């Protein structure tokens, strides 16, 4: 205070500096007037305690939700010099999680917008400077809303329910739209129980008051404390990828870099269904489980004789291609250790029965997790019998360095028309092929598929090409 007085005296001296008059020789009324002006000008913008009645009030950015430390001012809805009422919208803000509107807590004039549009405002830092009416700052109420109550008061609030609605100097917080609705419905805002944020009356409060027509209640709605979050029912488990799964990671990653051509078709399985029913019983007597797979594998080998490029391998840089002499046809198996693709060696030299026996051996070892490396090495062509689990079509991925793979869907019973136009029961299966499009064109895949399909739809024709 004394420093302010001294500053006022110095200001008075500067005021008369043109006449080179010292402070001692100044007229005492002039000095008093200049000191008063200087002190008032210095104290107007200072917000210290409610005991000093100042017409200028600094409004800090309130909590807009979730205690966000910063927000961006997206749009000011008022400008400096505007007259606002308590509850009028001041600005729109945007946080990392949501958008919100900041409302005026005072009646008065906007003197300064502290933060520009598109700039960052900080929680509880100056946002707007108001010139309030009649010097009533309402600073006590604003500071109380921005600061949490002391622990003792909080405990008392939790144990003792309120018996009166809070009243703040006769002012009711409401937006202009809500005030208009209240005037239209002839509702006194002071009689309405506020449920909005910060004790603000919202539209629903007006409508609820009109519907109930019971006047004010002695206590506001009590919001139950949020229940503590329930503990998770299970914990996440992290484990390293090893063994066959790690091999699959590397193989599929490499496969994904290769441009692949896909081709799908439908196969009539009627004759193969009849052939299997004849051979299944006989082979089961010798302890061999007989499925469609041995015949499908043999048909692949016979078709590869005419389309050897599909039984080739390429080097990592795809600069050379090797046409493989043996047909080592791999079959994907779902095992406890992961996806394994053992292969039947030299299929071109084996009968359907020998292929069935070898498949039985590989499946038994795979289920037990005892497949030796020799059974999974040196494959030249791969097949996936995904239809045994389910599904109709698939998008098989190549197993480099091989250049072709096929996947069989499940065999379905569907209605079909015979050559006479009569409806009959039919068995169909869908096949999906994929080929390395860098070395195999689509026409080659289609011709290979047609030849294989002819063998499967007419199993007796396979006898003519077997050696």
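Cβ atoms here come from the backbone N, Cα and C positions, even for glycine.
Since this is a predicted model, take the numbers as computed values, not measurements.
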Range annotated as region 'Disordered' in TrEMBL, from 103-136, 137-170, 171-204, 239-272: 137-170
Region 'Disordered' per TrEMBL - which of 4-29, 30-55, 56-81, 212-237: 212-237
For the domain 'Lipoyl-binding' (56-131), the number of residues DSSP places in helix, strand and coil: 0 helix, 40 strand, 36 coil
Residue counts (helix, strand, coil, in that order) that DSSP gives for the domain 'Peripheral subunit-binding (PSBD)' (173-210): 20 helix, 2 strand, 16 coil
